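All remarks here apply to the structure that follows.
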Amino acid sequence: MSHLLTMSELSEVEISEILKDAEDFANGKESKTTEQTFVANLFFENSTRTRFSFEVAEKRLGLDVLNFSADASSVQKGETLYDTIRTLESIGTKAVIVRHEQDRYFDELKDQVNIPILNAGDGCGNHPTQCLLDLLTIKQEFGRFEGLKIAIVGDVRHSRVARSNAEALTKLGATIYFASPEEWKDEDSTFGTYKPLDELVPEVDVMMLLRVQHERHDHYETDIMKEYHERHGLTVEREKRMKEGSIIMHPAPVNRDVEVASELVECERSRIFKQMENGVYVRMAVLKRALPNVLGGMKHELLV
């Protein structure tokens, strides 16, 4: 069964296949199911880009979308996530997309349910589709991963984006560097080296900025937030020292003038909104992978 839970479960070949499908979709290919197929979006945390790009992807593939609201469901009566997914499975849903505040919520589910789970983000753990859309954006820009230098900058400890990207990009041959306030370093990470931001600015090909996650921080970190932009953000002055041909990325939502100067969000180097566009194509590709009998085999029509 084609769950997509973490980047560690994907081989280089599987990553390449997903990116190839995503590139095909980006270049105008269409794949639509010819039979009614239900998928459910279960978002237990707020989301704009991930939720709506999944929904756009699902509808472009001809899937019937069930949007789940925890506040209006039996979760409020104590129903477990397992029972919720089994209920959806029982009534004919063929895949579920889940975002949940619990790290690795899927460990207790993956061997117990009979439909694919696509992880749309688990706590501070993993965000595989964000990673895949980032990989697609980098590949479109440079045509390769091998030998690239990538700086992942900011709130590394709380970031599922940092974890997924560092692991996948290392596997694909890139060199990863981190720059972070001391309080937000992830000392357990084995996928990169910490260096001062100002040393990295002129060296790296990709400056990947991370959102300061206010909702995951303790109160004692408030003072750091006030001076974050000047000490740890991409200021206009730092952008001027960036390597020729290098790009700016951010998973969004962007805290303007915190992680990045507002005037840089849509500057020539920025690929922030391109990442969002690529999110639809990547999520179409992972849905195709999860539902091969519906979207990858005899029961689909391919329009070029």
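Cβ atoms here come from the backbone N, Cα and C positions, even for glycine.
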| query | Since Swiss-Prot lists Arg49, Thr50, His127, Gln130, Ala252, Pro253 for carbamoyl phosphate, which candidate among Arg99, Arg157, Arg289 does it give for that site as well? | reply | Arg99
| remark: Around the Cβ of Thr50 (carbamoyl phosphate binding site), other Cβ atoms found within 10 Å total 24
| So around the carbamoyl phosphate site, Arg49, Thr50, Arg99, His127, Gln130, Ala252, Pro253 aside, which residues have their CB within 8 A of the centroid of those CB atoms? | Ser47, Thr48, Ala120, Gly121, Val161, Pro251, Gly279
| Looking at the binding-site residues Arg49, Arg99, His127, Ala252, Pro253, which ones sit with their CA no more than 10 Å from the CA of Arg160 (L-aspartate binding site)? | His127
| remark: Cβ neighbour count within 10 Å, max among the binding-site residues Arg211, Pro253, goes to Arg211
